């Protein structure tokens, strides 16, 4: 139990694992999983650890997925990319722009690996992965069987996919297929992007604006450990939203296609005057209330207590109960984040 997980999670929480293995191809990943499983150990497959909170020491093997490679197929209507799960997401965004293949610019600077992107259906500034995903290649861990799911079969939802449900723990993502249409259409619905002129804007300008918004609002994990947005933006019924807006008319709200309404968790937290609030070594970030940071050698229990406090305060004021976006990892695998902080 002496392999530190601190370098393998962006929160910088110091817990240990029994074994840590880096897998650079599918076979190494399968071998590591099968060996650990035969020993009766739990196994956790990790990308860059940018969306996890380790609650305690992990009693098993952590496999770091470092399967690399980018293949490009140039078709008349679009560029098709086949990207290894271990590639860094932001580096991929930069690479596609440099190569004149726009479409990912709204998703710039999202931390983590390409293989993690479908699990959460990552999204930012009006674009989600499902907009550009063609397929996801995974491997069934017990049999080594390769499975390709179309974007539809991935059952993407808000920060959700089949990989959080039926496919969790049984399959490992090894590659993601992306489709970037040659007829580029900017998405300028959020934040500073609304100020850009859709008739003249370039992909590089969108990329620059997104990077500027993220770097000014979000803490650098190398300075203050964090896992990005700690909570999901709550999606509520139209009735709930109407009641809330009659009391708080300035509350940011985003009507969804199905009639529900997405609220801004950061705004709700901010209204409770929680920016800068600290418990132990964990704090609510002063610029972006949606982010909890490791201010000073935080322990996982500091983060859990702080998240509980934030959830309670928002729930009491707005009757909206936040759910963590970050995944909570216990001694033998993922546990319910909502139950942990309730």
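Cβ atoms are placed via backbone N, Cα and C, with glycine included.
Positions annotated as active site by Swiss-Prot: 159 (among others). Cβ neighbour count for residue 159 (active site) (all protein chains, 10 Å cutoff from its Cβ): 19.
In this view, residue 229 (active site, proton donor) is surrounded by 21 other Cβ atoms within 10 Å of its Cβ, with every protein chain counted. In the three-state DSSP scheme, residue 229 (active site, proton donor) falls into the strand class. Annotated active site, proton donor per Swiss-Prot: 229, in sequence order.
Remark: residue 325 (active site) has 51, 120, 159, 228, 229, 230, 231, 232 as non-local neighbours, by Cβ distance under 8 Å and separation of at least 6 in sequence. In the three-state DSSP scheme, residue 325 (active site) is classed as coil. Annotated active site per Swiss-Prot: 325 (among others), in sequence order.
Within the same chain, residues at least 6 positions away in sequence whose Cβ sits under 8 Å from that of residue 190 (substrate binding site) are 125, 126. Residues or ranges marked as substrate binding site in Swiss-Prot: 190.
Residues or ranges marked as domain 'FAD-binding PCMH-type' by Swiss-Prot: 13-183. Confidence over the domain 'FAD-binding PCMH-type' (13-183), given as mean pLDDT on the 0 to 100 scale, stands at 97.
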